[in-house]
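Colleague: Straight from TrEMBL, here's the annotation block:
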type: TRANSMEM; residues: 12-34; note: transmembrane segment
type: TRANSMEM; residues: 46-66; note: transmembrane segment
type: TRANSMEM; residues: 87-108; note: transmembrane segment
type: TRANSMEM; residues: 114-133; note: transmembrane segment
type: TRANSMEM; residues: 145-163; note: transmembrane segment
type: TRANSMEM; residues: 202-222; note: transmembrane segment
type: TRANSMEM; residues: 234-256; note: transmembrane segment
type: TRANSMEM; residues: 276-296; note: transmembrane segment
type: TRANSMEM; residues: 303-323; note: transmembrane segment
type: TRANSMEM; residues: 329-346; note: transmembrane segment
Amino acid sequence: MSTNWRELFPTKLTFVIFLLYMSLFIGQGIFVTASQESNNSYGYNTVTVVLLTEVFKLIVSTCLYCRDNNLRSLVRDVQKDRNVLGLYMVPAFLYCLYNNLAFVNLATFDPTTYYLLLQLRVVVTGILFQIIFKKYLSQRQWISLILLTLGCMMKQVDFGSFYSDANDDSESAAIQQQLQSHNKTTAAGTNAHGKNMSGFDFSLSAVFILAQTICSCLAGVYNEYLLKDKGADVNIFVQNVFMYLDSIVCNAVILLLRGELIDAFSPQNLASIMRFSVLIIIVNNAAIGIVTSFFLKYMNSILKTFASALELLFTAVLCYFLFSIPIYMNTALAIAVVSYAIYLYTQSPVVNIGKVRPLSTLSDATTKSTDKRKLLDEEAAESDLDMV
């Protein structure tokens, strides 16, 4: 059976979106970790950063919409589809929790372990996908998902424990040796010092990472459902406006409950945010939000889990070329297993276009619903002719 690239990426633009999504997420963990203090805390209000990110997303989505329309038209569309605005409160709340928990968990785990533990969402997403879309995955698809999960977990296995300490070639052991050597030569330490680098440990931090995983799965699949079903006829930038309006409300409520709503925007707190290391987080996360909406509308949440797994492995490969950090047996085997899982998945990928047509250009995203319906009918007719 040959690789079905056309089903994986219906157009060249969808492949570009796939690559852009991975690149932005690879940067997320690095940027957040780089913004931390020496004791792994944050010198700024993280909830305010998430709120400002949503405001920035709202501004960008509004500007993109106004390329072909005007503000009056946007207000009219929001009023017309206000029922969809209400539906977006569910994924907005889940993404609000996810984004805030990201800061909490990255203060506990190093980026590699953090991304590793998030791979628990692979199988959960598959189950939710079947329930919500009633599209049952084949045996081949389930095997690829399970292999993907095992491959990511394999990166955390200490293979050196099966051999003598002298022949220990595991990444975890090497990291520990490097940290011990580093701690002996300097008292200052690094951002990685004091973090959980061993993975799941049945502590409160494990509860937080599980909560973030569940929020990610539920939000991703439900958001895809809104983009392709309930809100399929709504302009994608209007849908983004719905999402970000609801997200702003959710984050404002969190600040209110914490008693920080007024103080969060004080000159002192805003000054702590107006640094490059923090502003880059806002810009990067805003780009992630907008690219994710295109990803879920024109591809699907199952493929998104594969993109998330590749983020972990590409990070290891990039570190090898950029920083000369060696790839140990753990990483090499994980790359091999994940690569095979992806190959297996490409033989029979999930197709879930819903009520939308493939995206060829960005202008297609703003095509009116009537035009979309007509194009879908034309494509269906062409497909029937090809089968004759």
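Keep in mind that glycine also has a Cβ here, set from the backbone N, Cα and C atoms.
Caution: TrEMBL annotation is automatic and unverified by curators.
Describe each of these features in terms of where it is and what it packs against.
Modeller: Long-range Cβ contacts of the transmembrane segment (87-108) within its own chain (Cβ-Cβ under 8 Å, at least 6 residues beyond either end) map to 28-29, 32-33, 36, 40-42, 46-47, 49-50, 53, 114, 195-196, 205, 208-209, 211-212, 215-216, 218-219, 222-223, 226, 230-231, 239, 242-244, 246-247, 249-251, 254, 285, 289.
Counting only same-chain residues 6+ beyond the ends of the transmembrane segment (276-296), those with a CB under 8 A from a CB of the stretch are 17-18, 20-21, 24-25, 27-28, 31-32, 34-35, 44, 49-50, 52-54, 56-57, 60-61, 64, 95, 99, 220, 223-224, 227-228, 236, 239-240, 243-244, 303-304, 307, 359, 365.
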Colleague: Applying the under-8 angstroms CB criterion, which one of 114-133, 202-222, 234-256 scores highest with the transmembrane segment (46-66)?
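Modeller: Ranked by Cβ pairs under 8 Å, first place goes to 234-256.
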Colleague: For the transmembrane segment (234-256), could you work out the same-chain residues 6 or more beyond its ends whose Cβ comes under 8 Å from its Cβ atoms?
Modeller: 47-48, 50-51, 54-55, 57-58, 61-62, 64-65, 74, 77-78, 81, 84-85, 88-89, 91-93, 95-96, 100, 223, 226-227, 264, 289-290, 293-294, 297, 365-366, 369
